[in-house]
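Working notes, beginning with the structure itself.
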Amino acid sequence: MSKGTPSFGKHNKGKTHIRCRRCGRHSFNVRKGYCVACGFGRSKRMRRYSWQNKKSWTRVRLK
């Protein structure tokens, strides 16, 4: 059994992500045990950041 670069070829076997129980998206990491989309398994709160949504231009004064 060798380690390093030859071992990385074994990473493509099996599923990395399965369907999440909370958000329903195909983003629950089986190895890490949490959803990368909603944060299920890592946090009780939903994973949500302000940079995910585009900022509205209502406060900007047009020239």
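Backbone N, Cα and C define each Cβ position, glycine as well.
Of all Cβ atoms in the shown protein chains, 26 besides its own fall within 10 Å of the Cβ of CYS35 (Zn(2+) binding site). The feature Zn(2+) binding site is assigned by Swiss-Prot to CYS20, CYS23, CYS35, CYS38, with sequence analysis given as support.
Residues or ranges marked as zinc finger in Swiss-Prot (evidence: sequence analysis): 20-38. Per-residue pLDDT, averaged along the zinc finger (20-38), amounts to 97 for this model.
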Notebook entry, point to check: In the same chain, which residues outside the set CYS20, CYS23, CYS35, CYS38 have their CB within 8 A of the centroid of the CB atoms that define the Zn(2+) site?
Noted result: ARG21, ARG22, GLY24, ARG25, SER27, PHE28, VAL36, ALA37, GLY39, PHE40, ARG47
Margin query: Under 8 Å between C-beta atoms and at least six residues away from its ends: which parts of the chain pack against the zinc finger (20-38)?
Written below: 14, 46-47
